[in-house]
Amino acid sequence: MKIRFTKMHGLGNDFVVLDAIHQSFVPTPAQARFLADRHFGVGCDQILIVEEPSQAGTDFRYRIFNADGGEVEQCGNGARCFVRFVHDHGLTDKPEIRVETRSGIISPRLEASGEVTVDMGEPRFAAADIPFDSDSDAVIQPLQVDDAIFDISVVSMGNPHAVQVVDDVGTAPVGRYGPLIENHRRFPRRVNAGFMQIVDRHAIRLRVHERGAGETLACGTGACAAAVAGIRRGLLDSPVRVATRGGELTIAWAGYGQPVLMTGPAVRVFEGEIDLPSQLEP
Ligand SMILES: N[C@@H](CCC[C@H](N)C(=O)O)C(=O)O
């Protein structure tokens, strides 16, 4: 089976994007892992699927698979690439679209500058919404990981995040503790683990160990979650410039009951076609 795809990235968080309107294909977990494989497949952090909408008042449906093959609720850098993709492929000429995701509707808008702003919806903080095993919804909560205790803030941007403040992201133990936090028993659906360094009240540096993908060069929902967590902790004011290893995003949040707005680039790398091996197990 031959699949047409577009390789894209948002700040180096890279994607294989598939038009499932003109080719009828949604990957099985094994096919998603194959496409994401950097040696045997195309290589990416996530696979993004463009589908017809199923709800009135929306333009498209957006599905996201992590490199490990699992389908997830939300992807911020992917949302910017999504709107670029549907424009580049003539699927719409509307600069602002309404897109269904597993976790609700988001609204990405192509700016005249070529950057994209996404209304990512309201963040949620209740432990049950993450989900996080805790009796408390406090802004800062202790999490014991091996011999260390981290002060984390949990945030749902549709997908789950645990954010901590570190002195220096360059030396933060992302590789050691990221996977342990991701798979911690108190996060029954696993979690994305963010490590943020406060630069000033409007700027942070951020690294994220992503659930199902490992550390990526940038994580859009991770940037939203970190900015919101920093504002709730009284350390940051909106808007917040988020420097990742792949480049910069701007995150704005006016406070409780308000949506998070994320602005940044979306880049098409190349178009391609790939044969999917028929023997892939489901
Ligand atoms: N890279 C993404 C997030 C992708 C999903 C995440 N790994 C999860 O499992 O929730 C982004 O830019 O937000």
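Every residue, even glycine, has its Cβ placed from backbone N, Cα and C.
Annotation comment: TrEMBL describes Asn13, Gln46, Asn66, Gly76, Asn77, Asn159, Asn192, Glu210, Arg211, Gly220, Thr221 as substrate binding site. The Cβ of Asn66 (substrate binding site) lies under 8 Å from the Cβ of Ala32, Ala36, Asp45, Gln46, Val72, Glu210, Arg211, Gly212, Ala213, each on the same chain and at least six residues away in sequence.
TrEMBL lists Cys75 with the feature active site. All protein chains shown were included, and the count of other CB atoms within 10 Å of the CB of Cys75 (active site) stands at 32. Under the three-state DSSP scheme, Cys75 (active site) falls in the coil class.
Here TrEMBL flags Cys75 as active site, proton donor.
The active site, proton acceptor annotation in TrEMBL covers Cys219. In the three-state DSSP scheme, Cys219 (active site, proton acceptor) falls into the coil class.
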Spacing of the two Cα atoms, Asn77 (substrate binding site) and Cys219 (active site, proton acceptor), in whole angstrom, works out to 7
As a whole number of Å, the Cα atom of Thr221 (substrate binding site) is distant from the Cα atom of Cys75 (active site) by 6
Per DSSP (helix/strand/coil reduction), Asn66 (substrate binding site) sits in strand
